[in-house]
Amino acid sequence: MQAAAGGVGVHPWDLAGTAGCWGWRSSRRDPAALTPARCPAHPGPQGSLTTHVLNTATGLPAAHLALRLAQLQEPGAQWRELAQRWTDEDGRCLPLLPPGQAKAGTYKLHFETAAYWESLGYSSFYPFVEVVFTITDPTQKLHVPLLISPYSYTTYRGS
């Protein structure tokens, strides 16, 4: 926190040219007591289902990777596509399910890994990666990261 005229603190996100998503918040009761706070201008993903793809061969986000979300329809075991996205420069995309749209059920994230690796001049052992998971509590935010290399992948339930 920097002091402004009159000794009043200025939040980092109030400073010209700052674009960080974290700053400091003071209490109304004790303005000197600072706690970390997310920047109001950059609240982060607000969806109930998000993903993030990292290229573990380079240690960088996997930018410009196509992905799709589908939900299993019962009976008959048919998949219904719900969303299509491309990852941005940070390996992220817009939320796949906005708040309130998740329902209990089985979902599938399909990542087009072969096209991604080909765009970087590599071949891939896996032409695509599908992550199938179950939403049991639609009120919880779900984050499903994917870590990829040309010959491996891993995923986990993130936060």
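Quick reminder: no glycine exception, Cβ is built from N, Cα and C everywhere.
What TrEMBL says about this protein:
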type: BINDING; residues: H52, R92, Y156; note: substrate binding site
type: DOMAIN; residues: 36-158; note: domain 'Transthyretin/hydroxyisourate hydrolase'
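DSSP labels the residues of the domain 'Transthyretin/hydroxyisourate hydrolase' (36-158) in these numbers: 7 helix, 58 strand, 58 coil. Between the two most distant C-alpha atoms of the annotated substrate binders (H52, R92, Y156) there are 15 Å. With a 10 A radius on its CB, R92 (substrate binding site) counts 19 other CB atoms from all the protein chains. By a simple count of nearby Cβ atoms, those within 10 Å, the most crowded of the binding-site residues H52, Y156 is H52. Mean pLDDT of the predicted structure over the domain 'Transthyretin/hydroxyisourate hydrolase' (36-158): 91.
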